[in-house]
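Quick look at what TrEMBL lists:
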{"type": "DOMAIN", "residues": "2-343", "note": "domain 'Isopropylmalate dehydrogenase-like'"}
{"type": "BINDING", "residues": "91, 101, 129, 218", "note": "substrate binding site"}
{"type": "SITE", "residues": "136", "note": "site 'Important for catalysis'"}
{"type": "SITE", "residues": "186", "note": "site 'Important for catalysis'"}
{"type": "BINDING", "residues": "218, 242, 246", "note": "Mg(2+) binding site"}
{"type": "BINDING", "residues": "276, 277, 278, 279, 280, 281, 282, 283, 284, 285, 286, 287, 288", "note": "NAD(+) binding site"}
Ligand code: NAD
Ligand code: IPM
Ligand code: MN
């Protein structure tokens with residue numbers, strides 16, 4: 001089975017290196033790897049954040065392990081050349097529309113959560129985030145008004161098929177878990193959200209066993225901090241899911257802990273930590289590699305049919321944390337590679 005390795009920018013290569021070490025121990029020769037540049041690294045080497053050979057590798061591979069993209073040197077480039085276009089382009093070109101972002105507190109990390117330990121320990125949820133539509137992919141631009149002012153615009157739109165396919169993933173995910181689905185929208189203001197809510201309600205007739213609720217996104221942000229234990233599965237749009245998942249990460253201890261899978265309709269997937277390239281700590285060996293190591297575990301489970309190997313990795317992460325290893329984001333001083341060592345030792 002072929003894995004496309006896309007380390008990207010900033011801490012991306014640092015954390016992907018540790019995930020690769022873990023995969024080598026757990027899977028040995030069962031997996032082969034091809035690496036290609038993405039993001040700012042690809043722009044600097046080849047003049048484009050998602051070069052054709054990188055996209056081709058993504059299409060050929062059985063799964064993609066992605067670090068992060070984003071480089072402050074590139075912030076002044078035209079938008080289509082910026083590093084972030086690499087991840088957006090991969091999601092769109094490969095129709096990776098279902099981004100699963102589980103947030104669960106490892107009990108050893110109760111002290112690292114932004115919440116009181118007794119509130120934090122209840123967090124065990126999955127955010128099912130749509131990643132092919134919304135304001136991300138609508139028409140956008142800069143124009144000048146008749147009055148001569150600059151005006152930026154981004155069109156938010158969803159069609160019913162786009163909502164239905166992610167709603168289905170939400171219902172199915174809830175069915176495989178505790179049977180509770182919370183659909184998060186802003187239907188009190190947005191037409192896209194009214195359509196979202198209507199489509200989710202229509203589909204709920206097929207899932208009488210699922211306990212469905214609806215919540216406005218502002219309330220959902222508050223409820224995540226007040227009582228995250230009330231959520232099982234949250235299904236939401238691209239922008240809301242992006243924001244709520246960073247927030248959920250701090251409830252579960254750190255942005256450096258949350259993995260993700262972004263799947264198409266056939267379980268082909270791209271696996272990446274939810275965090276970015278963290279330019280503020282890049283090159284310093286401070287990054288927490290566990291989100292990427294846990295993303296590799298999700299890859300084994302969802303795309304490669306290796307659930308036992310995924311279980312081994314997740315158990316090793318728990319063991320490394322139980323042994324007291326903590327990177328700086330978790331309040332410790334263990335370096336990126338040492339955290340990798342700790343997971344290998346636990347394996
Ligand atoms: P970020 O997630 O990169 O960093 C936010 C904060 O969290 C920083 O202080 C950083 O040091 C810390 N952090 C992130 N990951 C960490 C880890 N593994 N261990 C320890 N600390 C960690 O978000 P940002 O600063 O807003 O964005 C930086 C760049 O990354 C931007 O260019 C952004 O567009 C990009 N980005 C890319 C992705 C992606 O590739 N999927 C995701 C998010 C942001
Ligand atoms: C993420 C990131 C991306 C997003 C950016 C880099 C385009 O924040 O993967 O969470 O907004 O989807
Ligand atoms: Mn994000």
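Using the three backbone atoms N, Cα and C, a Cβ is placed for every residue, glycine included.
Checked against residue 129 (substrate binding site) by C-alpha proximity, the recorded positions 186, 242, 246 yield 242 as the nearest. Among the recorded positions 101, 129, 186, 218, 242, 278, the residues whose Cβ lies under 6 Å from any atom of ligand 3 are, in sequence order, 242. The two recorded residues, residue 242 (Mg(2+) binding site) and residue 101 (substrate binding site), show a Cα separation of 10 Å. In this structure, the CA atom of residue 246 (Mg(2+) binding site) is 10 Å away from the CA atom of residue 101 (substrate binding site). Among the listed binding-site residues, namely 278, 282, the Cβ with the most fellow Cβ atoms inside 10 Å is that of 278.
Using the Cβ center of 218, 242, 246 for Mg(2+), the list of other same-chain residues with Cβ within 8 Å runs, in sequence order, 217, 221, 239, 240, 241, 243, 244, 245, 247.
In this structure, the binding-site residues 284, 288 were compared by how many other Cβ atoms lie within 10 Å of their Cβ, and the smallest count belongs to 284.
Among the binding-site residues 91, 246, 276, 288, the ones whose Cβ sits under 6 Å from an atom of ligand 1 are, in sequence order, 276, 288. Around residue 218 (substrate binding site), the same-chain residues six or more apart in sequence whose CB sits under 8 Å from its CB are 186, listed in sequence order. Per-residue pLDDT, averaged over the domain 'Isopropylmalate dehydrogenase-like' (2-343), rounds to 97. In the structure shown, the C-beta of 129 has more C-beta neighbours within 10 angstroms than that of any other entry among the binding-site residues 91, 129, 286.
A separation of roughly 16 Å, to the nearest angstrom, links the Cα atoms of residue 276 (NAD(+) binding site) and residue 91 (substrate binding site).
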